[in-house]
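Listed features, source TrEMBL:
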| type | residues | note |
| --- | --- | --- |
| ACT_SITE | 13 | active site |
| BINDING | 136, 181-183, 189-190, 219-226, 311-312 | ATP binding site |
| DOMAIN | 140-345 | domain 'ATP-grasp' |
| ACT_SITE | 189 | active site |
| BINDING | 299, 312 | Mg(2+) 1 binding site |
| BINDING | 312, 314 | Mg(2+) 2 binding site |
| ACT_SITE | 323 | active site |
Ligand SMILES: Nc1ncnc2c1ncn2[C@@H]1O[C@H](COP(=O)(O)OP(=O)(O)O)[C@@H](O)[C@H]1O
Ligand SMILES: [Mg+2]
């Protein structure tokens, strides 16, 4: 079977997608799939790469990005030249799409909707879960409804802010205790996120966040461990063991996560069993709240007293072999290759289930 891997993308998380895709492609080859990669560049143009026949070196896809496309000849495993295409040209019978795309225009339902229109099976969350999972305001409202504990938050949009900045500062300061975390509603990998300690910093941080989205959420900061759970499945869903990020600072920004590589993982997290069980239960509830299918990584704050707050869900979490999501499954008894294989099977099953739904009345 042919797997179409989409990677890159019109997103600030472009480079992380390239790292994830390299690992995913190699695992697909190991599981005997044939792999057709499509690179989406930072202008949103699609490049059809040659079929991948042998394992990629870790920097092959990065080199492609740097060369900005035309020449695939030098990369190990890639033997001919890519061609620019119209996105609709990816439609092929019997292929499954693996959108290894993080952030806006990839993890947010846009690509998923496009693949629905093409009627192709694809890995991961559908349109609703992708869009609601990506949107920190909508997902918070859904988590509230599902009874999941969260830190206090305030949200507003660009128009609110431009019309009456002081009202929103007051609203934040009246409802939340400093430090605050200011975030664009739709983004990931800590892009556009700031930690602030006073109103001057708040104003600056909102302006930064507004560069990335028109809607903003401001949260009360919490001093806590960050724990994560991997969820997998369509109707029958499973939670992995809980993992913990071993912190060296109180804010994991983009550089800490991807440049300095300072983030260590403790898997399973050293927590009382009842606490781990509760976190897993919340992860499954969050999955259902956003109508998850395929996979998601649910992220939590856990305080020293074991108070648990859900932070967010990521419907296409980082997917390198060292990333939290696959590592959690590894520790739960499912290795990277089998995990990739299971995701492909879940994509096919969801597509089949959808085919059996009546469309005409
Ligand atoms: N309310 C909060 N209290 C403490 N730390 C936070 C809070 N919100 C975010 N952070 C820190 O900022 C990081 C990025 O925020 P997050 O909401 O996870 O956004 P992203 O979608 O970019 O991953 C988190 O991993 C955590 O380190
Ligand atoms: Mg996060």
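Along the chain as shown, residues are numbered 1 onward.
Yeah, the Cβs are placed from backbone N, Cα and C, and that goes for glycine too.
Taking the features listed in TrEMBL, we show where each one sits on the structure.
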{"residue": "13", "record": "active site", "contacts (Cβ under 8 Å, 6+ apart)": "102, 103, 106, 107, 188, 189, 191"}
{"residue": "136", "record": "ATP binding site", "contacts (Cβ under 8 Å, 6+ apart)": "183, 185, 186, 217, 312"}
{"residue": "182", "record": "ATP binding site", "contacts (Cβ under 8 Å, 6+ apart)": "193, 194, 195, 196, 202, 205, 206, 208, 209, 216, 217, 218"}
{"residue": "219", "record": "ATP binding site", "contacts (Cβ under 8 Å, 6+ apart)": "151, 152, 153, 176, 180, 181, 183"}
{"residue": "221", "record": "ATP binding site", "contacts (Cβ under 8 Å, 6+ apart)": "151, 178, 179, 180, 181, 195"}
{"residue": "311", "record": "ATP binding site", "contacts (Cβ under 8 Å, 6+ apart)": "150, 226, 299, 300, 301"}
{"residue": "314", "record": "Mg(2+) 2 binding site", "contacts (Cβ under 8 Å, 6+ apart)": "107, 133, 188, 296, 297, 298, 299"}
{"residue": "323", "record": "active site", "contacts (Cβ under 8 Å, 6+ apart)": "20, 317"}
Take the Cβ of residue 299 (Mg(2+) 1 binding site) and count every other Cβ within 10 Å, whichever protein chain it belongs to. 20
Can you see whether DSSP assigns residue 221 (ATP binding site) to helix, strand or coil? coil
Is any of 13, 136, 182, 189, 299, 323 (recorded positions) within Cβ reach of ligand 2, i.e. under 6 A, and which? 299
Within 10 Å of its Cβ, which one of these binding-site residues (223, 225) has the largest number of other Cβ atoms? 225
So if I take the recorded positions (13, 182, 189, 219, 225) and measure from each Cβ to the nearest atom of ligand 1, which come out below 6 Å? 189, 219
Counting across all protein chains present, how many other Cβ atoms fall within 10 Å of the Cβ of residue 312 (Mg(2+) 1 binding site)? 20
Return one of helix, strand or coil for residue 189 (ATP binding site), based on DSSP. coil
On average, residues of the domain 'ATP-grasp' (140-345) score a pLDDT of 94
